[in-house]
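Features reported for this protein in TrEMBL:
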type: BINDING; residues: Arg230, 255-256, 269-273, 286-293, Asn307; note: FAD binding site
type: DOMAIN; residues: 17-206; note: domain 'Electron transfer flavoprotein alpha/beta-subunit N-terminal'
Amino acid sequence: MRAKVNQNICLNDYKNVWIIAEQRNGKIEPVTIELIGEGRKLADILSRELIVAVCGYEMKEETEKLLHYGVDKVCYVESPLLKDFSTDGYVKAFADLINERKPEIVLVGATSLGRDIGPRLAARLGTGLTADCTKLEIDETDNKLLMTRPAFGGNLMATIVCPKNRPQMSTVRPGVMEKAHFHEEKTGEVEVIVPALTKEDIRTNLEQVIVADQKKVNLVDAKIVVSGGRGLKTAEGFALVQELADTIGGVVGSSRACVEAGWIDASHQVGQTGTTVRPDLYIACGISGAIQHLAGMSESKYIVAINKDPKAPIFEVCDYGIVGDLHKVIPAMIEQIKENPDL
Ligand SMILES: Cc1cc2nc3c(=O)[nH]c(=O)nc-3n(C[C@H](O)[C@H](O)[C@H](O)COP(=O)(O)OP(=O)(O)OC[C@H]3O[C@@H](n4cnc5c(N)ncnc54)[C@H](O)[C@@H]3O)c2cc1C
C-alpha cells in the first residue's frame, strides 16, 4: 500500500518494534509467537524494545504467558467491547495506542484478521504497509526495515522500504518465521490499558459465530508434510500420498495444479498462494518445483523429491532426490518403512 508522505513527522520520535497480537476466543494465536520470534531479532539489531499489543477482554492471564517468549512488554488493551473481533473496534484501539506510543516498526500476521486490520491501520496512521512479507531485515547503514515479498506472480522477490513515514508496517505470512522459544523465566510486564472506545465507534453487531464445517488441515504445525503434484495424474493418486503420510505420521500437502484440477481441497495447497510450511521433512511427489511452490516450502529442514524428470527444478532445492516413477517409488518406500519401523 502506498502512503501519502507525512511531512510533519520526525523519524527519530519513533522507537521500538511492535507486534499486533492475534487472539480468538481469548487465546493467543500461534502466528503471534512467530512474529515475536522475528520481532525480537529486529529489536536486538536496533537495540530497541519488543512490545506486543493485544486487544481483548478478561485475558490478563493469557497475556502474561507472552512474557515467557522474550518480549520486553505487553500492552494489553482491555474492554468488553474488544472481547470479540470487530474491524472498527480493533483498528481504533490499536491506532490510538500506536499514535500515542510511536513504534518505529509494526508487524501484523497476514491472516484473514491481520489482512483486515493491517491496511486500515496503515491508512489511519498515514504510513505504508508491505503485505505478505517472507523476509524482514534491517539495513544496517540507516536502520531502515527491508521488507521482502514475492512480486510479479512470484517470479521475483521485491524488497520494499518505507523511508519517509512511520511506523514501518508489514504483514507476515503465518508459518514463514520461526517461532520464539519458550523460556521458564518471565521477562517484562503487562500494562493494562483502558481504551477510549464507545459502542458507537463500532458499526457492526456480532450476532453469532459459526465455525466452518471443514476438516482442518494443520500444515503449518506439521513436522512431516508429504505433498503431491500433477505427476500423480489423477485424484486417486492422492491415496498413495496419504498412505505414505500415514506411514510416517505426516500431513498431506499439494501443489496448486492439483487443487485447480479439483483433485484435492485448497486447504492442502502449499506455496505462495497456499500455506507456507517449514516441517522437519517435506516429501515432494511429482511436483516440478515452480517458484510459487518453492516459496511455501523451501525453508523445510530436509526436502526429498520424487520426480521422473532428472531436470525438474525441485532437484535444485532438495536434500535427497529420487529420479523415478512415483507410482513405483512410493510403494517401495512404504514397504521399506513398514519392514523397518525403527528406521
Ligand atoms: C500467482 C501465482 C501463484 C501461484 N501459487 C502457487 C502455490 O501457492 N502453490 C503451487 O504449488 N503453485 C502455485 N502456482 C502455480 C505454479 O506456477 C505451478 O504451475 C504449479 O506449482 C505446478 O504444479 P506441479 O508441480 O504439481 O505440476 P507440474 O509443473 O506440471 O509438474 C508435474 C511434475 O510431475 C513430474 N511427473 C510426472 N509424472 C510423474 C511420475 N509418474 N512420477 C514422478 N514424477 C512425475 C513431472 O516430471 C513434473 O516435474 C502459482 C502460480 C501463479 C502464477
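Note: Cβ is positioned from N, Cα and C throughout, glycine not excepted.
In three-state terms derived from DSSP, Gln269 (FAD binding site) belongs to an extended strand segment. Across the binding-site residues listed here (Gln269, Gln272), the residue whose Cβ sits among the most other Cβ atoms within 10 Å is Gln269. Neighbour density at the Cβ, taken as the number of other Cβ atoms within 10 Å, is lowest among the binding-site residues Ile287, Ala290 for Ala290.
Using a 10 Å Cβ-Cβ cutoff, Arg230 (FAD binding site) registers 17 neighbours. Taken together, the residues in the domain 'Electron transfer flavoprotein alpha/beta-subunit N-terminal' (17-206) have a mean pLDDT of 95 on the 0 to 100 scale.
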